[in-house]
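Look at Swiss-Prot and you will find 7-129 tagged as domain 'MsrB'. The Zn(2+) binding site annotation in Swiss-Prot covers Cys46, Cys49, Cys95, Cys98 and is backed by sequence analysis. The active site, nucleophile feature in Swiss-Prot is assigned to Cys118; the stated evidence is sequence analysis.
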Amino acid sequence: MANKPSAEELKKNLSEMQFYVTQNHGTEPPFTGRLLHNKRDGVYHCLICDAPLFHSQTKYDSGCGWPSFYEPLSEESIRYIKDLSHGMQRIEIRCGNCDAHLGHVFPDGPQPTGERYCVNSASLRFTDGENGEEING
């Protein structure tokens, strides 16, 4: 795992929601994330360490209220953790580089993978493929 900033540094540089999601395994309210409706071409990075996670070509509207992707950029991009919280069986996804919480993956996505990576906007930074503009979720 990469060296990540201290909790104090993160609290100073992140919004309350960004800290809650990435560091406390929280979930932003559905349909509120800044990147939910983003349709521009580019790459979604980890907000904490800037590791590339998802390409916009794999993003789709699942109707669940969070940005959804059917595949990460690489297997190394994502770390998978069994999550038995809240009386459910789920697979948590974390940044493969810094271990920040991203969301969960479910087996109900579209082809070609059949997977839905349900990701909190608050854990992402989008970089526009045309002009390099960055947008924090």
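Cβ atoms here come from the backbone N, Cα and C positions, even for glycine.
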Provide the number of Cβ atoms within 10 Å of the Cβ of Cys98 (Zn(2+) binding site), excluding the reference atom itself. 19
Number of other Cβ atoms within 10 Å of the Cβ of Cys95 (Zn(2+) binding site) across all protein chains: 25
Between the Cα atoms of Cys118 (active site, nucleophile) and Cys98 (Zn(2+) binding site), what distance do you get, rounded to the nearest Å? 19
Sparsest Cβ surroundings (other CB atoms within 10 Å) among the recorded positions Cys46, Cys49, Cys118: Cys49
Would you mind giving the whole-number mean pLDDT across the domain 'MsrB' (7-129)? 96
Could you tell me how many residues in the domain 'MsrB' (7-129) are helical, how many are strand and how many are coil under DSSP? 28 helix, 40 strand, 55 coil
